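Asker: Relevant sequence annotations retrieved from TrEMBL are reproduced here:
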ACT_SITE  His689  active site, proton donor
BINDING   Arg15, Glu16, Leu17, Lys18, Lys114, Asn119, Trp555, Glu599  5-methyltetrahydropteroyltri-L-glutamate binding site
BINDING   Ile425, Gly426, Ser427, Glu478, Asp593  L-methionine binding site
BINDING   Ile425, Gly426, Ser427, Glu478, Asp593  L-homocysteine binding site
BINDING   His636, Cys638, Glu660, Cys721  Zn(2+) 1 binding site
BINDING   His636, Cys638, Glu660, Cys721  Zn(2+) binding site
DOMAIN    3-311  domain 'Cobalamin-independent methionine synthase MetE N-terminal'
DOMAIN    420-743  domain 'Cobalamin-independent methionine synthase MetE C-terminal/archaeal'
Amino acid sequence: MTTTIIGFPRIGAQRELKFATEKYFRKQITAAELKKVGKKLRKKHWKQLQSAGIDQIPSNDFSFYDNMLDTAFLFNALPTEIANSSLSDIDKYFALARGYQGDAGDFKAWPMKKWFNTNYHYLVPQLNKSTSFHYNGGKIKTEFLEAKELGIITRPTIIGPFTLLLLSELDNTVTIEDFTNDLLTAYGDLLTDLSSNGAEWIQIDEPSLVYDLTNDQIKWVCDFYQKLLASKGTSKVLLQTYFGDIRDIYRQVLNLDFDGIGLDFIEGKQNKKLVESGFPTEKILFAGIVNGKNIWRNNYQQTLDLLHDLPAEQIVLSTSCSLLHVPYTVTTEPFSADVKKYFSFASEKLTELTELDLLRKKKQLNLLQTNQELFVTPRVTENPELHQKIENLTEGDFVRKPDFEERRKKQEDALHLPLLPTTTIGSFPQTKQVKHARVALRKGEISQVDYDEFIKQHIQEWVKWQEDAGFDVLVHGEFERNDMVEYFGQRLSGYLFSKNGWVQSYGTRAVKPPIIWGDVSRTEPITVKWSTYAQSLTDKPVKGMLTGPVTILNWSFPREDISLEESTLQIALAIQAEVLDLEKNGITIIQIDEAALREKLPLRKSDWNSEYLNWAIPAFRLVHSKVHATTQIHTHMCYSEFGDIIKAIDQMDADVISFEASRSNLEILQQLQDQHFKTLVGPGVYDIHSPRVPTKSEIVNGLHQILAKVPQQNIWVNPDCGLKTRGESETKESLVNLTNAAQQVRKELVHGQGID
Ligand SMILES: CN1c2c(nc(N)[nH]c2=O)NC[C@@H]1CNc1ccc(C(=O)N[C@@H](CCC(=O)N[C@@H](CCC(=O)N[C@@H](CCC(=O)O)C(=O)O)C(=O)O)C(=O)O)cc1
Ligand SMILES: N[C@@H](CCS)C(=O)O
Ligand SMILES: [Zn+2]
């Protein structure tokens, strides 16, 4: 055995899984038809890996929605009301993913969170007293046997117990210990079952081992695996980690009876040093040396140098993480050969692994020379003016004046907004018609003028609708955008775009991250015509809508020849120019989304004194530092995992921030209160990732919870995130419930204060 990968993209080269699943949601195909699509994709991918020469192929990396959900489902850890409902198994599964409202009941979806430092999102299992874990066969076994029938003995993969528990939400009636015995039996039964069915290797993913670990956690992991591995059957077991190094538990892990240890040598900066400190001769090192997250060709010489320092005889070459995070193939992309040669997507990374395997065995050395040519000369010509501009930035460029309190008064006078102002996050449903129009424009079937007219009509309809629904601050709806990052990338110089480079973000949703190829700058206004058009239709303020520099960077494939900081500052200057143009054209409220701000924060808190926030926060400040006091700057983050960086978020110095809160039980509110958060806040009052319509009273309850923690004059009312993924009718129903709820609570407050 010499090469493997941790996991492969599952949505299909043409996003077959997305389209089939969405058809199933719309009841256009049956469950059997959907399952057939899944089976076909799995077969295709296994065969592809096989013919690429990957000699150990994973299975159960496939998922109809998400692997965390799969794992909870595999172990039957469902809420009782869903488990006992009349829904079929697959509908129970999707009910947990997206919520369900219908004849079988009314079930909220499980929360969704970012998967470590990626733009992939997993479902957060909700565990309580009634949860129990037990294994009785299921997806992992079915897929193993499916591959076996094709003559491929795969390595089944499963998320490990530590990661499963750490990433789940336990209510206050239970602790991790309550599930330990259950899980020992469940994982034990799984190992025995797979092993008796012929699995030679089983992969247990424990990415959570790359976090800072407490002594109790280390002890839990060691005790658990000691017991589990004592009766593991005949299969060999691989402990797979990724997204960092395992410095806190490396020594202990070596003493456990794993047959293989998978380490990430790309993001795991200390892993090399750890292995050099000793690695048992009887174990196999699955060395993650091909980057599972970037799209650049591997530098073979660098990789060979790294391998040179590792125990050569015991190494299987692997990827640093699952290839889930990169697009399927570059071969079908319309880049010139001169550009294409720099790229490696999932399929090309398979070739890299097999070529590196040849090279480490001193075979086909010509491959090394061709590869080295990519790295000897600079790939792009620099923009010296831009570099100078960045060099000339001074502290004052990062400070907005006057300060928050003074601006707040001026904005209150200028904007005249009511208590609990209502707004939305920016996008409205991207309907079939909107997407079709973009396809028609791309194919030349309609002209740019016709397309623009079509978009304007949508803006007009929705501006009117928002006025009628009683919103205080309107949005234009983002109908002209394919994606909040790709759209900007396409209008900035220095970017390249794939035609089909889709990467799963969650469930059926994918993104096509643009590629930062060179220095980035703005050549002309990007959003001004749409925002000013929308503003011309109403007397209410319409928010300008931009994506912030850190998010543009984090959701693009970044350059590796300059620092992330440098690239982000280039983007920040481009967005700053856009902010100033919007302001000049009469837009008085501008939202600059920083949905991905937290993404590149080091996973280990002990690494937080590193530089990331020291440049990410200033990059955002640079974007809005030059606007007038009366221009209100909003920002938005579609997650609430910023409790521990609240101070940094406040230092972004925005006037208002909206964030996800409904799926996270509003726990962030306590932290806002405790840390005297100054920025005005719009904690999302309903979950937009589910088609479920929130009732007015649910929203009223949510507002009451918010009011218990945040001063009323600091509160905005909005959904969790943009509404582009939702259908029109559910969106309108939900938003009417939102404005009605806000009005009711406003009345309560006014009465309570005796004003009315
Ligand atoms: C807010 N989120 C975002 C994240 N990352 C981003 N880069 N963007 C985000 O908005 N991360 C966190 C959250 C949650 N994540 C997502 C990710 C993706 C979506 C989403 O809605 N994706 C759409 C695709 C969006 C898009 O690019 N649309 C294009 C192309 C549409 C298309 O597929 N066209 C078809 C033809 C369709 C037709 O004819 O009807 C084609 O090209 O073949 C566009 O609109 O032009 C998705 O469907 O997956 C949401 C949240
Ligand atoms: N303005 C964007 C933010 C998504 S995070 C939207 O509404 O879709
Ligand atoms: Zn969002």
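Keep in mind that glycine also has a Cβ here, set from the backbone N, Cα and C atoms.
Annotations in TrEMBL come from automatic prediction, not curation.
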Asker: Where the record says Ile425, Gly426, Ser427, Glu478, Asp593 bind L-homocysteine, what is the longest distance in Å from one Cα to another among those residues?
Answerer: 13
Asker: I'd like to know which of the binding-site residues Arg15, His636 has the most other Cβ atoms within 10 Å of its Cβ.
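Answerer: Of Arg15, His636, the one with the most crowded Cβ is His636.
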Asker: Looking only at C-alpha atoms, tell me how far Gly426 (L-methionine binding site) is from Glu16 (5-methyltetrahydropteroyltri-L-glutamate binding site), rounded to the nearest Å.
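Answerer: Rounded to the nearest whole number, the Cα-Cα distance is 29 Å.
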Asker: How many Å separate the two farthest-apart Cα atoms among the 5-methyltetrahydropteroyltri-L-glutamate-binding residues Arg15, Glu16, Leu17, Lys18, Lys114, Asn119, Trp555, Glu599?
Answerer: 28
Asker: Distance between Cys721 (Zn(2+) 1 binding site) and Ile425 (L-methionine binding site) at the Cα atoms, whole Å?
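Answerer: Distance between the two Cα atoms comes out at 5 Å.
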Asker: Cα within 10 Å of Glu16 (5-methyltetrahydropteroyltri-L-glutamate binding site): which of the binding-site residues Ile425, Ser427, Glu478 qualify?
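Answerer: So the list reads none.
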Asker: Identify, among the binding-site residues Leu17, Ile425, Cys638, the residue whose Cβ has the fewest other Cβ atoms within 10 Å in this structure.
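Answerer: Relative to the other binding-site residues in Leu17, Ile425, Cys638, Cys638 has the fewest Cβ atoms within 10 Å.
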Asker: How long is the line from the C-alpha of Asp593 (L-methionine binding site) to the C-alpha of His636 (Zn(2+) 1 binding site), rounded to the nearest angstrom?
Answerer: 5
Asker: Could you check which of the binding-site residues Glu16, Lys18, Lys114, Asn119, Trp555, Cys721 have their CB within less than 6 A of ligand 3?
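Answerer: List returned for ligand 3: Cys721.
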Asker: Where does His636 (Zn(2+) 1 binding site) sit in DSSP terms: helix, strand, or coil?
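Answerer: Looking at the DSSP assignment, His636 (Zn(2+) 1 binding site) belongs to a strand.
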Asker: Taking the centroid of the Cβ atoms of His636, Cys638, Glu660, Cys721 (Zn(2+) site), which other same-chain residues have Cβ within 8 Å of it?
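Answerer: Near the Zn(2+) site, beyond His636, Cys638, Glu660, Cys721, sit Ile425, Ala595, Met637, Tyr639, Ser658, Phe659, Gly684, Ile688, Asp720, Gly722.
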Asker: Below 8 Å Cβ to Cβ and six or more residues apart, same chain only. Which residues does that give for Glu478 (L-methionine binding site)?
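Answerer: Once residues fewer than 6 apart are set aside, Glu478 (L-methionine binding site) is near Gly426, Ser427, Phe428, Met484, Met545, Gly722, Lys724.
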Asker: Could you tell me the C-alpha distance between Ile425 (L-methionine binding site) and His636 (Zn(2+) 1 binding site) in angstrom, no decimals?
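Answerer: Taking the Cα atoms only, Ile425 (L-methionine binding site) lies 7 Å from His636 (Zn(2+) 1 binding site).
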Asker: Near ligand 1, which of the binding-site residues Asn119, Glu478, Trp555, Cys638 have CB less than 6 Å from any of its atoms?
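Answerer: With ligand 1 as the reference and 6 Å as the Cβ limit, the list reads Asn119, Trp555, Cys638.
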Asker: How big is the gap, in Å, between the Cα of Lys18 (5-methyltetrahydropteroyltri-L-glutamate binding site) and that of the residue listed as 'active site, proton donor', rounded to a whole number?
Answerer: 16
Asker: Below 8 Å Cβ to Cβ and six or more residues apart, same chain only. Which residues does that give for Asn119 (5-methyltetrahydropteroyltri-L-glutamate binding site)?
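Answerer: Those within reach of Asn119 (5-methyltetrahydropteroyltri-L-glutamate binding site), by Cβ under 8 Å and sequence separation of 6 or more, are His325, Val503, Ser505, Val511, Pro513, Asn554, Trp555, Ala596, Glu599.
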Asker: Of the recorded positions His636, Cys638, His689, which sits closest to Arg15 (5-methyltetrahydropteroyltri-L-glutamate binding site) by Cα distance?
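Answerer: Of all the candidates listed, His689 is nearest in space.
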Asker: Could you state the whole-number distance in Å separating the C-alpha atoms of His636 (Zn(2+) 1 binding site) and Lys114 (5-methyltetrahydropteroyltri-L-glutamate binding site)?
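Answerer: Spelling it out, the Cα of His636 (Zn(2+) 1 binding site) and the Cα of Lys114 (5-methyltetrahydropteroyltri-L-glutamate binding site) are 16 Å apart.
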